Amino acid sequence: MKWSEIEIHSVNDAVEPITYALNDSGASGVSIEDSADLTREHEDRFGEIYDLQAADYPAEGVIIKAYFLTTDDFLEGVPQIEARIRGLAQFDIPLGDLTFQVNEVNDEEWATAWKKYYHPVKITDRITVVPTWEDYTPENADEMIIELDPGMAFGTGTHPTTQLCVQALEKIVKPGDEIIDVGTGSGVLSIASAKLGAKSVLATDLDEVAVRAARENIAQNHCEDIVTIQQNDLLKGIDQKADIIVANILAEVILLFPKDVHAALKPNGIFIASGIIEPKREIVTEALIEAGLTVYHVEQITDWVAIYAKRGE
């Protein structure tokens, strides 16, 4: 069996949208080699980090590798995949000096090599995302562990937008809340919501691959009784009301449904929107206000923001 590897050299802020595009194009798995992994201070919490070899990482920026079964359809579609990746620049997503190349790999290399780049990520003082194959001992009894298989879908906890959303949920979720997670990806935000005390979570994604990945991750974390996953286009056709709606998707997508968010929120319900690059902050804020929501708080990590908006009584 032959596999092809698409190798992209870019910058950290582009990881989430590039990973989404690769998964949406049919990737069977994605790995991320981040030069910052060798120097981040928080990584001294995890003993294995010292086993990382500098030779495995880029001197700067991030290398994203996606794996595809080598077929005629894939080979014919490579130019379209490259055009889609480079086209992210039109959404003001920084790509750096992006390079794109295709390599051949054998089945054994693909099956195991990518896993060595994933390690536990402490998103907040209480919440840690741990790859399913790694042993991890919680630092204290209150620590919440989210087990994920990062090869299945985007949203592993490493990107600022995921961290912003989890941090927002940790502050806002109350026991008994009903939550909708729009564009769930790996399911990480739905799982976090369940572990934080939500009564119910509806996780939706248009991408079939993401729905399957989220379903497996939800089961891995024993959240099936709380989290329901379904394939759906944003909030179309959803008639249930939510205390909280969270969406970690690109600003251009968020702009498509602010009125639907308002309609789906309960009185005093909260919308957490991330996946927003800072230059798009104002246009998203204006759209939310126009839809009848009150923007009351913004958090930022590097060039990415999370906007907190509230429906009135």
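Here the Cβ of each residue, glycine as well, is placed from N, Cα and C on the backbone.
Those TrEMBL annotations? Automatic predictions, nothing curated.
When Asp142, Asp205, Asp225 are compared with the S-adenosyl-L-methionine site residues Thr162, Gly183, Asn248 in TrEMBL, the one appearing in that site is Asp205.
In this entry, Thr162, Gly183, Asp205, Asn248 make up the residues listed for S-adenosyl-L-methionine, with the farthest two CA atoms of the set 16 Å from each other. When secondary structure is read from DSSP and collapsed to three states, Thr162 (S-adenosyl-L-methionine binding site) falls in the helix class.
DSSP assigns Asn248 (S-adenosyl-L-methionine binding site) to a strand.
Cβ neighbour counts within 10 Å, taken over all protein chains shown, single out Asn248 as the most crowded of the binding-site residues Thr162, Asn248.
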